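> What follows is a structure written as structure tokens; I'll ask about it next.
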Amino acid sequence: MLLCFRFGNQSMKRENFTLITDFVFQGFSSFHEQQITLFGVFLALYILTLAGNIIIVTIIRMDLHLHTPMYFFLSMLSTSETVYTLVILPRMLSSLVGMSQPISLAGCATQMFFFVTFGITNCFLLTAMGYDRYVAICNPLRYMVIMNKRLRIQLVLGACSIGLIVAITQVTSVFRLPFCARKVPHFFCDIRPVMKLSCIDTTVNEILTLIISVLVLVVPMGLVFISYVLIISTILKIASVEGRKKAFATCASHLTVVIVHYSCASIAYLKPKSENTREHDQLISVTYTVITPLLNPVVYTLRNKEVKDALCRAVGGKFS
């Protein structure tokens with residue numbers, strides 16, 4: 001519970017000595033007529049995302065042909081995406097059918113913590129997968145030696161640790177603020193919408209959020225970009241056309257996921273303040289939080305031959 005006072009002209013419309021104990025999401029308040037349709041669409045996407053990621057994790061675990069570093073990282077990404085989806089979608093769906101209950105400050109902080117943790121973990125897992133593709137293409141003879149079990153675990157733990165550290169930093173900085181309003185203009189407890197409810201100037205918090213966003217998006221993007229520059233330069237040196245096609249094919253799924261993931265995340269968290277409507281900002285958030293997690297199983301199922309073959313073996317009951 002936080003006690004806040006009138007602060008400057010910007011707070012004139014807010015009550016003095018307001019006691020805030022919970023928040024109410026207002027993300028879809030302007031879509032009354034479309035709420036049932038949106039519920040059906042998001043429910044379908046939710047089920048597909050969970051089913052797709054669970055199938056990928058199960059297939060990788062059961063099929064010995066997929067017990068390689070590349071698919072180890074894919075299973076970790078699918079697991080992270082599954083939890084990420086569970087953090088946001090259930091409450092969002094309940095709000096669309098009028099069953100949304102106020103969320104306590106502790107509940108909001110918890111949701112924000114897991115959202116940030118797994119969102120950033122996903123970014124660095126994609127970076128680790130980029131390094132894995134670099135080693136596979138540029139140093140194939142030593143691939144299994146370099147990408148040994150110890151290094152793979154270290155890369156995954158590193159990604160998770162960065163996510164945890166950033167989440168603790170962000171959540172602590174946001175929930176130290178005094179709040180004077182309880183209506184969150186969003187469909188979950190994201191950092192910026194919650195900060196807007198504060199009675200005091202949040203410039204320092206906004207600068208901190210921007211710096212962290214740059215570090216956890218631009219740095220991984222840069223590393224992936226460097227990896228693919230080296231990968232492409234190596235592939236172009238391959239003499240046979242068939243060899244080049246095969247090398248490109250091993251990277252196509254990862255590159256597709258990387259482009260969409262980082263593009264959506266950058267638009268959502270690195271774009272400057274503008275006169276965009278709330279609906280426009282929410283559309284970007286929906287794309288990043290609902291559509292992107294579905295992309296991983298769809299791309300790797302439709303574009304990756306080894307995963308498709310493993311699914312065929314699973315259906316045919318021919319696991320190794």
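The backbone N, Cα and C atoms fix where each Cβ goes, glycine too.
Residues or ranges marked as disulfide bond by Swiss-Prot on the basis of sequence analysis: Cys108-Cys199. The annotation N-linked glycosylation site is assigned in Swiss-Prot to Asn9, Asn16 on the grounds of sequence analysis. Annotation source Swiss-Prot lists topological domain 'Extracellular' at 1-36, 87-110, 172-207, 269-281, citing sequence analysis. Look at Swiss-Prot and you will find 58-65, 132-150, 228-247, 303-320 tagged as topological domain 'Cytoplasmic', backed by sequence analysis. For 37-57, 66-86, 111-131, 151-171, 208-227, 248-268, 282-302, the entry in Swiss-Prot reads transmembrane segment.
Would you situate these features in the structure and describe their surroundings?
A helical conformation is recorded for Cys108 (disulfide bond) in the three-state DSSP classification.
Away from its own ends, the topological domain 'Cytoplasmic' (58-65) comes close to residues 71-72, 74-75, 306-307, 309-311, 313-314, 319-320 of its chain (Cβ-Cβ under 8 Å, at least six residues beyond either end).
If you look at the topological domain 'Extracellular' (87-110), the same-chain residues 6 or more away from its ends with a CB under 8 A from one of its CBs are 1-2, 20-25, 27-28, 35-36, 38-39, 42-43, 46, 49, 118, 171, 174-175, 182, 184, 187-189, 194, 289-290.
Confidence across the topological domain 'Cytoplasmic' (132-150), taken as the mean pLDDT and rounded to a whole number, stands at 93.
Residues 130, 133-134, 137-138, 255 of the same chain, all 6+ positions outside the topological domain 'Cytoplasmic' (228-247), place their C-beta atoms under 8 angstroms from a C-beta of that stretch.
Sequence-distant contacts of the transmembrane segment (66-86), counting only residues of its own chain at least 6 positions beyond either end whose CB sits under 8 Å from a CB of the stretch, comprise 46, 49-50, 53-54, 56-57, 59-60, 114-115, 118-119, 121-122, 125-126, 128-129, 132-133, 136, 143-144, 147, 152, 155-156, 250, 289, 293, 296-297, 300, 306-307, 310.
Nonlocal intrachain contacts for the transmembrane segment (208-227), taken as residues 6+ away from its ends with a CB within less than 8 angstroms of a stretch CB, comprise 120, 123-124, 126-127, 130-131, 133-134, 162, 166, 169-170, 173, 191-192, 195, 258, 262, 265-266, 269-270.
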> Counting only residues 6+ apart in the same chain, whose Cβ is under 8 Å from the Cβ of Cys108 (disulfide bond)?
Asp22, Phe23, Val184, Cys189, Val194
> Same-chain Cβ contacts of the topological domain 'Cytoplasmic' (132-150) under 8 Å, 6 or more residues past its ends?
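That would be 69-70, 73, 227-228, 230-231, 234-235, 247, 250-251, 254.
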> Would you count the other CB atoms within 10 A of the CB of Cys199 (disulfide bond), including those on all shown protein chains?
23
